[in-house]
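Q: Once you've had a glance at the structure underneath, I'll fire off some questions.
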Amino acid sequence: MTNTWQDIKNANLVLVMGGNAAEAHPCGFKWVIEAKIQNAARLIVVDPRFNRTAAVADYHAPIRPGTDIAFLSGVIRYLLETDQVQHEYVRAFTNASLIVKEGYSFADGLFNGYDAETHSYDKTDWAYELDDQGFAKIDDTWQNPRCVINLMRKHVDRYTPEMVSRICGTPIDKYLYVCQQIASTCLPDKAMTSLFALGWTQHSIGSQNIRTMAMVQLLLGNIGVAGGGMNALRGHSNIQGLTDVGLLSNQLPGYLTMPKDEEQTFDDYMKTRQFKPLRPNQMSYWQNYRKFFVSFQKTMFGDAATAENNWAYDYLPKLNLPMYDIIRAFEMMVHGEINGYICQGFNPLQAFPEKNKIRRGLSKLKYLIVMDPLDTETARFWEDVGPLNPSDPSKIPTEVFQLPTACFAEEDGSLVNSARWLQWHWKAANSPAQAKSDIWIMSAIFHRIRELYRKEGGAFPDPILNLSWKYTDPTNPSPDELAKDLNGKTLADIKDPSGAVVLKAGQQLDSFGQLRDDGTTESGCWVFTGCYTEKGNMMARRDTYDPRDQGITPDWAWAWPANRRILYNRASADVAGNPWNPAKPIIQWNGDRWVGIDVPDYGPTIKPSEGVGPFIMNAEGTGRFFALDQMVDGPFPEHYEPFESPVENLLHPKVQNNPAARVFPDDRADFGTSADFPYVGTTYRLTEHFHFWTKHALINAILQPQEFIEIGEVLANEKGIANNSWVRLSSKRGYMICKALVTKRIKPMMVAGKPTHVIGVPIHWGFTGLAKKGYGANILTPSVGDANTQTPEFKAFLVNVEPSNGPEGEV
Amino acid sequence: MTNYQSQNYIRISATTITPPVARNYEASMAKLIDVSRCIGCKACQAACMEWNNLRQPVGLFDGTLKNPPDLDPEVWTLMRFAEYEDDKGNLEWLIRKDGCMHCEDPGCLKACPAPGAIVQYENGIVDFISENCIGCGYCLKGCPFNIPRISEVDLKSYKCTLCSDRVAVNLEPACVKACPTGAILFGTKKNMTDWAGERVEDLKSRGYEHAGLYDPPGVSGTHVMYVLQHADKPTIYSNLPDNPRISPTVDFWKGLIKPVSLAGIAAAAIAGFMHWVIAGPNEAQPEDEDAAEHLIEAKAKSPPPPGGGGKPQRTEPVEPPV
């Protein structure tokens, strides 16, 4: 989230699109209700289904799964056409005026530079025209046709209301009503908040879904302000923390990136990361990348990371591919290229696409280690559970080790919530039986592996042998010690230019501003610096003081970065530094410095007249309508159909799907067509359950006991399916037999002149736990991910449905 | 479910025992369920199960999101989901938390023949005292909301207690504490009614011209009230009664035994308790029910007598105790 849960109450309009906040985030949803009651906010839901959020909304508009970019590009067109944009904000705080290189073009569904062989773009021309000082050229008059604003206007021109309606299936009157409501927040003192979740990410165009909305928000001046923002509601209590500490194959902690194969030297690596300012006076905060990276290496390797060995740069693995995501990992497993798998707090057999392929992959492993508090389906993937999990254990060589772990309530630690708050929690109970903490288990594995390297050597033992491990109990580091590592400390006395000691050696750091690139500081995750200082554990703070009652509580826990609660909050004030909305100011310029209720996301004494942009991580200091080369599938979002779609792409039939998406040949062969699978399937969660965990809890199992799908009345009548009857739901990849809920809440949508039916598939059931056994929705879903992140396309695929006589065999 | 001596009671089923009148400075309490804020998450159901130690066996899907399928001795509150389309085709998903309404004039208590099995506390909560329950099911007959359920295991009747045990020590009911959106509130009936008024105004500003408070006069009001978007059509909320009234059978018996009631009043006058009378159909035998129903059919639908029998007037305290 750019903003916070509490800040939602400041919104004038809450748009829930690409998520189902009431259903999936019932506790946080209280702030939406608060906005309605205390701020007279309107709540609009755009979703294929009339869902639990829609039940308390002022307005619901249906949309076909996978067409959000078309809808939102249409909104951008509407805002430009009706001139309902926040002009001053757009001119000062976005890249609307900057001039793009001549080489950039877009035609018939493809941007310039496409290579059909590699399914990728040469992005060289997705850049600004630079002057001789290396700064982006600008035209404040917006006369130049290659100004970003003009290129954007041209790009979205095809998304007329009629076209949007034909693609999305949203009736024109409903679509235009939503446009009007969104446009009403272009006034400087009005804000819309965008609440989204997996409904946007789980598409082959997931990242661009989100970007399109961010562009809408920039046009309306809704980023950085109270009640505004792009607010990703994270799906797991600590999935934000997972992202922050870089638990992805291509990431290092704090959004640093893994070196690539072609970056063999530290200098190569740094060349593309220390962004120089693209406009005069800009902060371009990534200029400090080297400080963050060197401090990280010092935490990892201690004294072994020196200036002489380039801070142990060679110890880091180098990526030979963009990333090793889950889809690739299981593709490799199926082909025998991965032989062992450590599965920590994850249940791939249930959670990953194409369950049958996942089981095939696991069946080829030599060993599988499952660390989990629960008896997961993945740990029992070999078990023959009839049609629910057909398997022949006698033919599976995989040795499975189950290491029961403590759950979060059985240990101290911190969780990072959607609002980037690191909140400390305290152990509430002992773990049952032989369960151990993840820290204890990982430490034990580490010590044994290090011992093996010590005794037997190996191709390159140095990184393991030199890993810094200075904990009081090396077999079980305490959560406090690990948190202090992430925060960072000084390794020598730190002096200012005059030679005076400003920080003594061994001192916990207060802020990432203190980090050095000379090896005198260390920090495991620079964005967390400040969470555990000499003053103690800042994450454990519990003061509800809220100076303006705007939902900003600076002394409750600690938010990264720098305890900042609202990102880009410089943009909450106009060019002169006065709040756009005087009733809900965040920070403002008082003549000497920036003051207010939040930590400025800006230099605290930078004068407004210096023209430093509020988007300090971007080299040009502005928000981007044109994304330069940061997205693999285009600098502007474009509507591409899901890989399984009931219609051809109305905009460019020859470029049906995201041309930059990676699809493995076997997976492509497993895509179905609308001739065999005429209906659109979409998967989702229900309030009563959390993923595949709570079916192990009795009360949750009672409250939602059995697998079912949701199907509209019209389709049910066509197919002769009665409510609460058995159905067989199938895709090219598998089938499930379950009960049908026939509902008025899903209606056919007219897409390209044809009625299109959506079938909803809740995900929660499997073959372990206390609830009734089920197949699990991912027996149906396709193995293809977002072109940028490889997040699987769970939200739009093709299925068929037929009445059924009920379960086959024992269920 | 609790020992009824933990709170002042004002009515006891099937008995002429006079409740004490001292220590009566207690406010009338109410739970307000704002349907327009409810997201149907069932946190209230989970909290009810946890606080009251209720666990139904894991059941089966029944064609709705409602689970378990119905109220039950182990299910004291239940979200009911109704898909409602108006004549213009506008869809609404009306989610109502069902459970005991804690009527001011409780039909269950009036109908109950077992002395002390059903009581009403001064704060308005209607509670079942299990050890006195004989499992006859008359309470279900007397209830205009179809709430109590008889256990097949111990043949006793069960329903929501409004967490009388929690309320007795100044805690809100468990469902209120668990509700994430503030759709369930608890306080004095006056405060809840006032707040409901504000909510109704907000709903009217959003186009729900018939928004209103459900506090049905047919049972002299309830201590569980709803804010409804369509107060003119309660039945669209999973058959919430338009105008709930105590079963005519129960009221008929009250009429028949009026002389007995009068005698009771006379006795009370002699004792100096002119203002307090409890009368019930406790003399009625089960086999008389059928005969009574025939008589009622002949008697057509005469309006029910107002209010309950012999309930004392009470003074509202100035400060709410919770």
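Glycine is no exception: its Cβ is also placed from the backbone N, Cα and C atoms.
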Q: Same [4Fe-4S] cluster 2 site as B:CYS48, B:CYS160, B:CYS163 according to TrEMBL: which of B:CYS38, B:CYS175, B:CYS179?
A: B:CYS175
Q: Given that TrEMBL lists B:CYS100, B:CYS103, B:CYS108 as binding [4Fe-4S] cluster 3, which residue among B:CYS44, B:CYS136, B:CYS143 does it place in the same site?
A: B:CYS143
Q: Return the member of B:CYS41, B:CYS108, B:CYS112, B:CYS143 nearest to B:CYS175 ([4Fe-4S] cluster 2 binding site) in space, with distance defined Cα to Cα and candidates limited to these binding-site residues.
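A: Among B:CYS41, B:CYS108, B:CYS112, B:CYS143, B:CYS41.
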Q: Which sequence positions outside the domain '4Fe-4S ferredoxin-type' (B:29-59), separated from its termini by at least 6 residues, show Cβ-Cβ distances below 8 Å to it?
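A: Same-chain contacts beyond the ends: 1, 65, 67-69, 72, 74-79, 81, 93-97, 102, 123-125, 160-163, 166-167, 173-189, 192-193, 195-196, 199, 203, 208, 211, 222-229, 237, 322.
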Q: Listed binding-site residues are B:CYS38, B:CYS41, B:CYS48, B:CYS100, B:CYS160, B:CYS163; which of them have CA atoms within 10 A of the CA of B:CYS133 ([4Fe-4S] cluster 4 binding site)?
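A: Final answer: none.
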Q: For the recorded [4Fe-4S] cluster 4 site, whose residues are B:CYS112, B:CYS133, B:CYS136, B:CYS139, find every other residue on that chain with a C-beta no more than 8 angstroms from the centre of their C-beta atoms, and list them by sequence position.
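A: Once B:CYS112, B:CYS133, B:CYS136, B:CYS139 are set aside, the remaining close residues are B:SER13, B:CYS108, B:ALA111, B:PRO113, B:ALA114, B:ALA117, B:ILE118, B:PHE128, B:ILE134, B:GLY135, B:GLY137, B:TYR138, B:PRO148, B:SER157.
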Q: Going along the chain, which residues at least six beyond the ends of the domain '4Fe-4S ferredoxin-type' (B:91-123) come within the CB cut-off of under 8 Å?
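A: Contacts of the domain '4Fe-4S ferredoxin-type' (B:91-123) (Cβ under 8 Å, skipping residues fewer than 6 from its ends): 4, 7-15, 24, 26-29, 31, 33, 35, 38-40, 44, 71, 76-85, 129, 132-134, 136, 138-145, 147-148, 157, 159-162, 164, 167, 175, 183-184, 219-224, 226, 229, 236-238, 240, 244, 246-247, 250-251, 254, 280-282, 284, 286, 307-309, 314.
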Q: I'm checking region-level scores; what's the whole-number mean pLDDT for the domain '4Fe-4S ferredoxin-type' (B:29-59)?
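A: Over the domain '4Fe-4S ferredoxin-type' (B:29-59), the predicted model scores a mean pLDDT of 97.
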Q: Near chain A by Cβ (under 8 Å): which of the binding-site residues B:CYS38, B:CYS41, B:CYS103, B:CYS108, B:CYS139, B:CYS175?
A: B:CYS38, B:CYS41
Q: Might you list, by sequence position, any residue in that chain lying six or more from B:CYS108 ([4Fe-4S] cluster 3 binding site) with a Cβ less than 8 Å away from its Cβ?
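A: Residues satisfying the criterion: B:ILE118, B:VAL126, B:TYR138, B:CYS139, B:LEU140, B:GLY142, B:CYS143, B:ILE147, B:PRO148.
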Q: Tell me which of the binding-site residues B:CYS44, B:CYS48, B:CYS112, B:CYS160, B:CYS163 ends up closest to B:CYS103 ([4Fe-4S] cluster 3 binding site) in space, Cα to Cα.
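A: Considering only the listed binding-site residues, the nearest one is B:CYS160.
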Q: What are the DSSP helix, strand and coil residue counts for the domain '4Fe-4S ferredoxin-type' (B:29-59)?
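A: When I sort the residues of the domain '4Fe-4S ferredoxin-type' (B:29-59) into the three classes, I find 13 helix, 6 strand, 12 coil.
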